[in-house]
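Features reported for this protein in TrEMBL:
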type: TRANSMEM; residues: A:32-51; note: transmembrane segment
type: TRANSMEM; residues: A:63-80; note: transmembrane segment
type: TRANSMEM; residues: A:112-137; note: transmembrane segment
type: TRANSMEM; residues: A:149-167; note: transmembrane segment
type: TRANSMEM; residues: A:187-210; note: transmembrane segment
type: TRANSMEM; residues: A:239-258; note: transmembrane segment
type: TRANSMEM; residues: A:270-288; note: transmembrane segment
type: TRANSMEM; residues: A:295-315; note: transmembrane segment
type: TRANSMEM; residues: A:321-339; note: transmembrane segment
Amino acid sequence: MSTSRIDELSESASAGRSFSLGELVRRRPETITFMLLVAICVIVAIINPAFLQPSTLIDIGRASVVMGLFALGVFIILAAGGIDVSFTAIAAFTMYSLTVLVLNHFPGMPMAVIMLVAIGGGALLGIINGLLVHHLNVPSLIVTIGTQYLFRGFLLSFIGTVWIMSLPPQMGAFGRMPLFQFESANGAIVTLPVYFLFLPLAAFVTWWILNRTLMGRAIFAVGGNANIASRLGYSLRTVHIFLFGYAGALAGLAGIIHVCANRQANPFDLVGTEINVIAAVVLGGARITGGTGTVLGTILGVLLIVVINSVLVMVGIPSTWQRLVVGSFILLAAAFFVTRQRKK
Amino acid sequence: MQKTGGQLVMLVAINGLLLVLGAIISGGTFLSLFNLQSMASQLPEIGLLAIGVMLAMCAGNGGIDLSGIALANLSGVLSAVIVSSFLSVSESETVFSLAFIFAAVSIGCAGGVINGLLISKLNITPILCTLGTQMAFMGLAVVVSGGKAVMVGSPALLSSIGNDMFLAVPISFLIFIIAAGLIAAALKFTPYGLWLMLMGTNPKAAVYAGFPRTGVLVATYAISGTLSGLAGVIIAARNVNVKFDYGSSYLLIAILIVVMAGVKPEGGYGRVVCVVLSAVALQLMSSLLNFGGLSNFVRDFAWGLLLLAFLAVGRYDLTGFLFPARGQPIPSVPIPHAPKQDN
């Protein structure tokens, strides 16, 4: 059991009736994310009522799929006290090489198989990460910076740099397949695609792994204190391989969904967005030193970043401000959570 | 302590080997004065950033400075915008250059102090803090420049920093060597250096020993920021324009240089001379790959591979394996290692 959990239990036992907002925020940091999200939405809706159109909301939902899948992978690694910056490279690698493979060699491959191959390929690259992190015994940030360049360099120098505009038909069809669609006020057809379902599905699987399996226990234990966890008999090697493999699998899935959704495969895509994803996870209340965090918080963090990215323009702030705003949010959130944790 | 000497010997050997290899492959032109000069003038930007990363890493406790290149670009961009708003290049080139340099270095220093204060006062993890400031610095550079390249021009003093030679050595390279020398001296001869290394070795013990934790951390990140500012000046001097996204791969390369130099990622050990040598080695390799006509992407791939390879070298102590000649007088005495508590 992680130290933070123990804290939590003893706190809740001693706190008794004295319930307060501060207490709630400290125990469930994602409340603050949620409040921030609601506040931003309300403000934006007041300034620009167009925000509340269903089409905007569906756009936000659609935009959060790829980032959400990435974020779940990063979250599970962060929970174990590591950090990963290579997931975008894994996604780019899997999606582009798979598209090339399907296009040139297996044009008839069914979509389900493509997905499975993407997940498998991503997991394989992730496992390489896991093995390296475990055996080199250096901070995972440095290892994954190395593998990010390794995977991306390999992709661009040996597989190809050509922008593929015409996807294999089954992938294009999958990207367009609607879950439901309706006609908006101005006559445009708004579609929530089927691939959106993968986000709640992956979130549920991640939640299940973290809260209902022994592996989840092991992950939080390693995040709390890796030394103690290994003395308790958790195999650090298994945990590391599982973590990075799982994150890699999610990245592979995210990559292929990215291709299908954009109807083009650009090998230069995705890499460079990893800081946004890490920001989302941290804003969702996961501590970067590990041992804490929830899936719900992560999803809220992703929504927060996606909303910030898409509403700045709606309220009249030029898009050049986006980075500055997100960067300040990271620092504020980090400072806020740290000071909250210190007030015991 | 043998290991530290081993690292130095290995780096010297790698540099020598690369020079010989380059001479053989290119038939001598690799060692021509012109090529050496052009390599030396490409080195300082990345070398300065690498020293900054090294200092942050030495501070231990997961210390790292990811905001280096963003801060370098910010100081170039912001300084160019500020200075050109009340001075014009045509009036006085020297005044403009001096004002630009002063503003850029101060902005770099200020950014570093912000990093240091956030990390020491608010206790934010260095990775997270510098990730946030990296984004904020870059964002600020985008905001003040509107996302476009900002023209600095080439006033006399600035352009001579970027392009001229002193005794056949590029001036930017001299600046880099002087900066590296000053920092090496500070680490070796001042209490600051001792505090930094001991704090990296065991942060808890350092606090109990009464080290000025806040002061050391702020100073470390401030120096790192100042070096970024200096790198920003050199970038501006060499490129005429400054832009917010210049050198996007510098972050990896700086970390690669530092790891190659044998700086311990968990803190407490690092030598400036090794960082300088490993920066030189990397520059040589990069130029060699250029001579071979390989694309940038192959180079990225090679850098990633090299980083992992050097991590493996550090982990399995291949240095001792490759250079057994250096001998270990008393191999039976184990060097006490602090248990690694935080990864």
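Sequential numbering from 1, following the chain as shown.
From the backbone N, Cα and C atoms, a Cβ is placed for every residue, glycine too.
TrEMBL entries are annotated by machine, without manual review.
Here the transmembrane segment (A:63-80) touches the transmembrane segment (A:187-210). Their Cβ atoms form 3 or more pairs under 8 Å, with each pair 6 or more residues apart. Proximity of distant same-chain residues to the transmembrane segment (A:112-137), defined by a Cβ-Cβ separation under 8 Å and at least 6 residues beyond the stretch ends, is recorded for 82, 84, 86-87, 90-91, 93-95, 97-98, 102, 143-144, 146-147, 151, 170-171, 236-237, 240-253, 255-256. Remote same-chain residues near the transmembrane segment (A:187-210) are listed as 54-55, 58, 61-62, 64-65, 68-69, 72, 75-76, 79, 174-181, 216, 219-220, 246, 250, 253, 257, 260-261, 295-296, 298-299 (criterion: CB distance under 8 Å, separation of at least six residues from the stretch ends).
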